[in-house]
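**Q** Have a look at this one.
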2 protein chains.
Amino acid sequence: MSTQQLGKSEDQLQELSQALDQGISSPVKRMLNSLSAADTAHLIESSPPKIRSLLWQLLDKEQEAEVLQELSDDVRQYYLDQMNAAEVAEITTGFDPDDLVDLLQQLPDAITQQVLSSMDAQDRARVEHILSYPEDTAGGLMNTDTITIRPNNPLDVVLRYLRRHDELPAMTDSLLVVNRQDAFIGVLPINKLLTTNPSITVREVMNTDIEPINAMTPASQVAQLFERQDLVSAPVIDDDGKLLGRITIDDVVDVIREEADHSLMSMAGLEDDEDTFAPAMKTAKRRAVWLGINLITAFVASAFIGMFQETIDKVVALAVLMPIVASMGGIAGSQTLTLVIRAMALGQIGKSNTFWLLNRECIVGLVNGLIWALVVSGVAYVWFGDGIISTVIAAAMIINLVVAVISGAALPIILKTLKIDPALAGGVILTTVTDVVGYISFLGLATLFLT
Amino acid sequence: MSTQQLGKSEDQLQELSQALDQGISSPVKRMLNSLSAADTAHLIESSPPKIRSLLWQLLDKEQEAEVLQELSDDVRQYYLDQMNAAEVAEITTGFDPDDLVDLLQQLPDAITQQVLSSMDAQDRARVEHILSYPEDTAGGLMNTDTITIRPNNPLDVVLRYLRRHDELPAMTDSLLVVNRQDAFIGVLPINKLLTTNPSITVREVMNTDIEPINAMTPASQVAQLFERQDLVSAPVIDDDGKLLGRITIDDVVDVIREEADHSLMSMAGLEDDEDTFAPAMKTAKRRAVWLGINLITAFVASAFIGMFQETIDKVVALAVLMPIVASMGGIAGSQTLTLVIRAMALGQIGKSNTFWLLNRECIVGLVNGLIWALVVSGVAYVWFGDGIISTVIAAAMIINLVVAVISGAALPIILKTLKIDPALAGGVILTTVTDVVGYISFLGLATLFLT
């Protein structure tokens, strides 16, 4: 696809919807045939449900299979749900084992078993092997289409061996060197193969500094490894050092994209791969849960305000100013929370620097608390002309900002220890803390000094 | 680096800080020498300022140069600020042009000019050429270390030509085919070179379906192209079709990481590459600005509450319940905002589907408004035993949730048209809208029906 076409995808979509509205499907079919599977998948993901299903109907079986591989989980699930085992088996013939595994993991066990039983023995063994590793480990990411060579061959033998292939597996930037027991011993980069005297043996030029990845390594660590070392592919081994397969950068890019999206989406209570154009009722149902959780925290905050009804009844200005203290705490806390969640995703937070970080945040909270307390109390004084109210709001602001930033730094670290996803739960808990502390400190101090 | 070492980076950091605390630098130096530049950069980024500068002092000149390339912009800036032009020139000798350009873009113009003038003519021409493209375009991402071949040569000539190189540029998965005018005409994948009969010419096997990337293409589109087509490298051309260089996946991975981080960090008013362990005063200063902006919006909301002081004075329960309406609107709105911002980053939003999306959100807001209005009014009735209050809060909740989700969907689209970053400004504006609408609808209706 050209970059021009990329820019045009909006226009394409508009043309398509017009054509579909008019019931003219032949130009649409022509357009679909000219697009790559990845672009068709993008077009489907960018379409509302009605157009989406019309587009899908216009695809032939072969296109369906290719597009299915490119769709995001949420949208793919929709199409998979409409297929039976025989249809899934038919459509997935010819998939790479790792792509097939991605898809099977989305299916009910019964259908997975039926699809597996329709495969030939060798393919089934491969797929079952990858399926035995959790989705978010190196084993779940790997593919088994590796080209392995022996160390004692000269390079011209390797070259002749390669020439017997019709093509090499995608992203083959190196050949994997194994011994007779299939244990991994090194890699021969293709670029070295091309620039070295062909009479030299593999053993002499292979790279043995590459550390293979254990199959149980978490996907996020694999992504960090690829990012730090600028890898295109990397070998995967089992606990005994036996070569199992290799991971390629295209699958790692998906991990990086999903991981980065995870923090953003979870903090708003959304799924990582939330379908942008899901139907209204499905969307409403998913979001209702998150709103319900937040309603509980809002009621908690209100309950604390309720404790000070008498004070508010006497000085109504407090009701006007109280959201300011709570809101500033929420903002300051979520800045720290976001920073720490990102740092944790990058593997930057450990025992040795947690204390420093908490201490730093404490200072930051104090400094910003002092600055904005001054401003707020000044404005409050001009507004309500009451020295006590303006002193009370200043004190409450400092207290809440310090509590907010310390909570923002400590919460994700505590939640991670408890194996709770900080990106999902952190924001809700933090807002409850900053609301409650904000209202209690402001209304509590006001009760002490104003009544 | 092994995956074991990855898991150990925390322990390493702790060992390091202990050793440094005790003033023992020789074991630390040994450890630093055993780490790759990328791992050392990660260690520095994970360290508080004191340890950071001790670590830096222990690096020799050559290590400094390598580590500098791996550091994130914010941390790198700190070290660059301490160097003069001669030092920068010395340390950057041997950098790839594209890495050098990344670094020069962070320096004041005067220093950049001095560094450029210290380079030899050919290198300077290359660097200046890349510098002429904006950082966030294909031209700014590209490298000029391409291997080009002519179409009429047979493959064995190409193989002999490659063998004359000591090594090929990193991530060379294909050779670029150009005509006599240096115009790009196709690519010869290395894997095809290895599996095809060597007597066949380049012209017969080269792939001419690859569309080259124009140098002015935005980096985000380049990233989408690499992701959708699973590319390792891609050719870059100028407007006349002349080959300028190539982009490799390692640089694209950085773009993907930065883009994904951008939405997350901007929504909290943080820089994309914010230094997790920046000193307290620097952090406080940066965050103060964001808090100040939010303080203005908090005062705007308070001003609207202030309009209803009389009503609150009569029915103090309103002060207790009013934050619930505002808070639920904020949550519902930010869910939609996050979804749309992510969808825009993925290139899914265009004219043809905006109306559908707004309409869908309207239904979602209405459905969730109704559900939670029922719950809230029930709880409010049990709490305060007042039918009018519980009816008023239900109505306000529905109004605010519908306004919130429509604003959440429309705001980023409007901001983007105005060339304002939706991730940065969207949240602040949205919260102002949901607060103001929340307070006005609740207190306004209460004023109408309760007083």
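Sequential numbering from 1, following the chain as shown.
Positions of Cβ are set from backbone N, Cα and C atoms, glycine also.
In TrEMBL, annotation is done automatically, which means it is predicted and not curated.
Feature annotation from TrEMBL assigns domain 'CBS' to B:206-264. Per TrEMBL, transmembrane segment is recorded for B:288-309, B:315-341, B:362-383, B:389-415, B:427-450.
Please go over these features one by one and say how buried each is and what sits next to it.
**A** Residues of the same chain lying 6 or more positions beyond the ends of the transmembrane segment (B:288-309) and with a Cβ under 8 Å from any Cβ of it are 268-270, 318, 322, 326, 428, 431-432, 435-436, 439-440, 443-444, 446-447.
Sequence-distant contacts of the transmembrane segment (B:315-341) (same chain, at least 6 residues past either end, Cβ-Cβ under 8 Å): 263, 267, 301, 305, 308, 349, 357, 361, 364-365, 368, 372, 376, 380, 383-384, 386, 389, 393, 396-397, 400-401, 403-405, 407-409, 411-413, 422-423, 426-427, 430-431, 433-435, 437-439, 441-443, 446, 450-451.
Taking Cβ pairs closer than 8 Å, the transmembrane segment (B:362-383) reaches residues 317, 321, 324, 328, 332, 336, 389-391, 393-395, 397-406 in its own chain, all 6 or more past its ends.
Beyond its flanks by at least six residues, the transmembrane segment (B:427-450) meets 267, 293-294, 297-298, 300-301, 304-305, 307-308, 310-312, 314-315, 318, 321-322, 325-330, 332-334, 337, 388-389, 391-393, 395-396, 399-400, 403-404, 407-408, 411, 415 of its own chain at Cβ-Cβ distances under 8 Å.
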**Q** Quick one: average pLDDT across the domain 'CBS' (B:206-264), no decimals.
**A** 92
